[in-house]
Amino acid sequence: MAAKEVVFGGEARARMVEGVNILANAVKVTLGPKGRNVVIERSFGAPTVTKDGVSVAKEIELKDKLQNMGAQLVKEVASKTSDNAGDGTTTATVLAQAIVREGFKYVAAGINPMDLKRGIDKAVTALVAELKKASKPTTTSKEIAQVGSISANADETIGKLIADAMDKVGKEGVITVEDGKSLESELDVVEGMQFDRGYLSPYFINNPDKQAALLDNPFVLLFDKKISNIRDLLPTLEQVAKAGRPLLVIAEEVEGEALATLVVNTIRGILKVVAVKAPGFGDRRKAMLEDIAILTGGKVIAEEVGLTLEKVTLADLGQAKRIEVGKENTIIIDGAGAAGDIEARVKQVRVQIEEATSDYDREKLQERVAKLAGGVAVIKVGAATEVEMKEKKARVEDALHATRAAVEEGVVAGGGVAFLRARQAIGGTIKGDNADQDAGIKLVLKAIEAPLREIVNNAGGEASVVVNAVLAGKGNYGFNAANDTYGDMLELGILDPTKVTRTALQNAASVASLLLTTEAMVAEAPKDDAPAGGGGMPGMGGGMGGMGGMDM
């Protein structure tokens, strides 16, 4: 086992704080509307340019082991905030640095770190309660757009795209972000349920312009096994032909004679049929067939529930207003399923999401919820270069998370104002059990000025002047760093999701408390470099002599 270096007390904390400062100083330049960029080297290709705090934090790894531990703990603040709220990573880092810096002074002055931590926790709990009180629900499209714009570093087009997407697919719908093909970002909405399986034969196409098979008011047959014998299908086909409506067959596989007969019937115009493979694999396939059944008001024909193809009646078939089957996708629009059944199914899948352990499973389950809830919106991010595309895509994803957070818990005044107002609301009401806890409370109440100070510094202003001016105002009165003016933050559209603000403060305080209560650090000792090999391998000088006498 390699030798370890153990450092105690003040020295340990000092080295850790150095690491915290290095990471936080690199991250905090990105804060606010006038935040600067950070350029990150890549091992190959062009460097990445970003204004996203968590992207900067993730790249930082320090040579000094003890400094690195401090930096990694603060990195945890950024990534945890990003995971929980999707935004607010820079704010969280700035707060963590401020709490550590202030707290370090108190600990150095001999205050008990454990009581200091308890004081910090008390202050944070009180502030979070005030933030929740001040929170204002986000309902209108305009408010959603404002939140999206702020989170995307004051880019209004992104905010508007997200608001439009939420209008189209609802607050619960799935919104995905993809690389666009043009310079402009655009929104693409797929209504109804889409799954990634297309027609089994191009002969089913009935709309050559779209290269798709369009079925109006069709029946839907869902079968969980292969269909290769046409005799199995005949009873169903006869009933559907009598009803004079088209049919979509979704099965594990339709092959051989069965597929050939369906194609011939379609070409001759006797019956309008399209066959597609069932989406997914294994258990997921069963679940998706069940989803389609609930959406269309039909049943999955499966032997395990006592249904066979010969016994199928029209009542067992699903129905929809319209179905489009392309080469690779099938879209079911306006299924005839009962709203109550669909809602119950969505609830059921939501419970599975809560219990899912892997990210992949969670993502697939969320896709199923979206498909049932009615629609998927795709934001296609446009940019001139690959580098800009990556940077912009990261911002859109951030903004999307922030908007979801705003819809969930509402918004508070942005620009660091909410913290100051929460502090004013608390006034001197919270008291610790002793002087050391009071110090912890005082420390947090001072540290929460940090985000506003940093926004002002990045905008080239004088932080103390602005903080005093904001404190002199009331309510949502704050500083708009984009154009150096003061006003009502909510009216100016400078909003932060309550969840983001709250999570940033809680995570920052949690990690800062850990740092302040550290008394010893253990890291691998630096290796003593072996002397350079200048004089190695003596006695090699005179080798290979005596070769001269060889005749060539």
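Cβ coordinates come from backbone N, Cα and C, glycine included.
Just so you know, the Cβ of ALA481 (ATP binding site) picks up 25 other Cβ atoms within 10 Å once every protein chain is counted. The ATP binding site feature in Swiss-Prot is assigned to 30-33, LYS51, 87-91, GLY415, 480-482, ASP496.
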Fewest other Cβ within 10 angstroms of its own Cβ, chosen from the binding-site residues GLY32, GLY88: GLY32
LYS51 (ATP binding site) CB neighbourhood, other CB atoms within 10 A: 21
For GLY415 (ATP binding site), the number of other Cβ atoms found within 10 Å of its own Cβ: 27
